[in-house]
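Feature annotations, courtesy of Swiss-Prot:
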- G8, I9, P10, G11, V12, G13, K14, S15, T16: ATP binding site (BINDING)
Amino acid sequence: MKIGIVTGIPGVGKSTVLAKVKEILDNQGINNKIINYGDFMLATALKLGYAKDRDEMRKLSVEKQKKLQIDAAKGIAEEARAGGEGYLFIDTHAVIRTPSGYLPGLPSYVITEINPSVIFLLEADPKIILSRQKRDTTRNRNDYSDESVILETINFARYAATASAVLAGSTVKVIVNVEGDPSIAANEIIRSMK
């Protein structure tokens, strides 16, 4: 499967846009799969007793997060190899804000295992992201609860995605998630993968 990694800060709308990507490709009869990187990491974290949920997982030591990243990359690469023709999209983050600094979400040991065609940076105005975060009561994102922190994280994500693309030989594409119409970003992602 051709792989696209869709990154973005928590609250930017990755899951919503990727659901729209899936809907569009399904309607076109194109084989596709959406994988959430955090789901793979969380399954291992739960099994090892590292964390009880995603928000707790973000606060783990860098060493533990690296182990979880490696295990997830191997599992996702295997799914891509077994998937046949079509598209595999990975919902993840280019950087993770931790108590000890920004942890690259796609370091060399992850990006070379997955080997994507495109790394997408899904972005939106920090005010819009903050508003979306406040509406999502299912998550605890108080570590991203300030516009300046959101902007800083977006900038670090751009740097990290570019560095990862160099290692994988993939392209990087910034896509704006327009408020109220995720199909605009979804169609742009699909066009970039063809």
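Placement of Cβ uses the backbone N, Cα and C atoms for every residue, glycine included.
Between the candidate binding-site residues, G8, P10, the densest Cβ environment within 10 Å is the one around G8. Shown in sequence order, V17, L122, A124, I129, R132, N177 are the same-chain residues outside G8, I9, P10, G11, V12, G13, K14, S15, T16 whose Cβ sits within 8 Å of the Cβ centre of the ATP site. The most crowded of the binding-site residues listed here (V12, K14, T16) is V12, judged by how many other CB atoms sit within 10 Å of its own CB.
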